[in-house]
Amino acid sequence: MPHKVSLSRLKLTDFRNYASAGLQLDGRHVVLVGDNGAGKTNLMEAVSFLSPGRGMRRATYGDVTRVGAHGGFTIFAALDGMDGEVEIGTGVDGNDESTSRRLRINGTPAKTADELTDHLRLLWLTPSMDGLFTGGSSERRRFLDRLVLSLDPAHGRRASDFERAMRSRNKLLDERRFDPSWLSGIEEQMATLGIAMAMARQEMLGLLVRLIEETRETSPFPSASLDLAGFMDGQFDRPAVDLEDEYAAQLAESRYRDAAAGRTLEGPHRADLLVRHRDKRMEAARCSTGEQKALLVGLIMAHARLVANLTGHAPVLLLDEIAAHLDENRRAALFDLIDALGGQAFMTGTDRSMFSALDDRAQFFTVADGKIFE
Ligand SMILES: Nc1ncnc2c1ncn2[C@@H]1O[C@H](COP(=O)(O)OP(=O)(O)OP(=O)(O)O)[C@@H](O)[C@H]1O
């Protein structure tokens, strides 16, 4: 059984509709029940700030700071983490979007937000992800990259460095400054980073596909078949250096074409995650809404299992309105699956009875108008 990472305390100040709120947790799963607009998702979003980035809504700091607050917001959490007991504090001082958020781990300022991944891995599933299979490829890429990131924290840095290099190349091309040595330098950098990104995605997907295969018989959710397309398709059995050379050559060749298009036409930023319902042999986008939800839940749960297997620590799960679209049997099966993962899950819903199958495996809280009651 993997080690259980669990939050024991959470305190918020001026975060969304919470002026000040606190939660004392006993390590079980956490169910937040309340009417629409009560603040259930906001609370989960606060937990999601315990991972690098801007949380599960990718919000600006101005958005998450409580309307009417004089300064910024703060989030404090105490947890039994991957490296033992730890206290994490984060927040911003004001509404200045240019500042990055402050982060203290055991009272010491962290150098980068990546340090958070030494203490916990967070995975989330929100209603806004329901359109993942039918929407544009950028959402799926972001989804995929988050999956990679929870196993390989360096992936975020690689992706942002690639973006930066690509932007400088696009700018040079846009200004028609075709200086070959300058461009080659940038393109070599893009090739190293871009191939590393693509390989990390490919590797994670390979592991996930194998795990889905192994748990196929026992999973209450439909299995997905997964593929990556759109960049260096079918070539990932070749050595990385060959792919880097090839991508750098492609970039050099396509300077005039990219200049005309106003963007870089080839690269890992164009890849797409292809998802199919395995048993039905149907593209996920053409499955029913319920089937798509079940596929997505299955995918997240498989990934959570993968993270637990590879790190030895069960990830913390944030499952917003997870029970809403599932029938009673599937709901009970999901709760069992979550429980079997051995970690702590946060779940929200408008009706407590939806979670009755969890029974004493969860701690229940009622949320109303930015206040929390046990
Ligand atoms: N910066 C902010 N300051 C104050 N209130 C905010 C801020 N941002 C959002 N809110 C409010 O927080 C309230 C609760 O939002 P939240 O998304 O947590 O609701 P919820 O309990 O998950 O509801 P639902 O069941 O409808 O999803 C909303 O009414 C929203 O207007």
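Glycine too: its Cβ is placed from the backbone N, Cα and C atoms.
Nobody curates TrEMBL annotations by hand; they come from automatic prediction.
What TrEMBL records for Gly34, Asp35, Asn36, Gly37, Ala38, Gly39, Lys40, Thr41 is ATP binding site. Sequence-distant neighbours of Thr41 (ATP binding site) (same chain, six or more apart, CB under 8 Å from its CB) are Thr126, Asp320, Thr348, listed in sequence order. A helical conformation is recorded for Thr41 (ATP binding site) in the three-state DSSP classification.
Mean pLDDT across the domain 'AAA+ ATPase' (26-368) comes to 94 in this model. According to TrEMBL, the domain 'AAA+ ATPase' annotation covers 26-368.
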Listed binding-site residues with Cβ under 6 Å from ligand 1, out of Gly34, Asp35, Asn36, Gly39: Gly34, Asn36, Gly39
Among Gly34, Gly37, the most crowded of the binding-site residues [Cβ within 10 Å]: Gly34
List of residues, in chain order, with Cβ under 8 A from that of Asp35 (ATP binding site) and at least 6 apart: Thr350, Ala368
